[in-house]
Amino acid sequence: QHKMLKSAQAAADTFWKAGSIRKGAETLAEGTAFRYIAEQGLKASEHHEGTLVENIDLNTWIGMSVQRASDNINSRLQDGLAFLATVGSTAPFVGLFGTVWGIYHALTAIGIAGQASIDKVAGPVGEALIMTAFGLAVAVPAVMGYNWLIRRNKSVMEKVRAFSGDLHNVLLAGKK
């Protein structure tokens, strides 16, 4: 994400001042999201006529191509977020399971001893509390990290969408 934000700044600083889309794309680092979108937009505008897609008007075709490129970028940004969300949402239940297991052992120890004494209860209940703490220790950072990444992704995608929209309009104007 940090690279994408730097790439967005480079696009703002150099791309639009280059004089043409092709020259602007060359000013951006190889493999960056903004270069990828610019290259996809150029391909769409150059390969419109004489192909199966020539029946689609140029505005729609370029819009679809640039949108598809933006969607690919968004998809790459989402990689790993589902796992992080799963960890954040299931870890408390793992801790809860540990709590239930610890209490079960405490009750079993009481049943075997025939009486409730602190030495029979303390160990298993302590284990139960440790499992609860581990579950929370995993869940809280995972949820916080997930929310932070989602917020950053939204910020990055706002820049990607703005660039894509501007690129679409420039390509429609015939500037390549």
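Glycine is treated like the rest: Cβ placed from N, Cα and C.
In the predicted model, the domain 'MotA/TolQ/ExbB proton channel' (60-160) shows an average pLDDT of 90. Feature annotation from TrEMBL assigns domain 'MotA/TolQ/ExbB proton channel' to 60-160.
What TrEMBL lists as transmembrane segment is 81-104 (among others).
For 128-149 (among others), the entry in TrEMBL reads transmembrane segment.
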Secondary structure composition of the domain 'MotA/TolQ/ExbB proton channel' (60-160) [DSSP: H/G/I, E/B, coil]: 95 helix, 0 strand, 6 coil
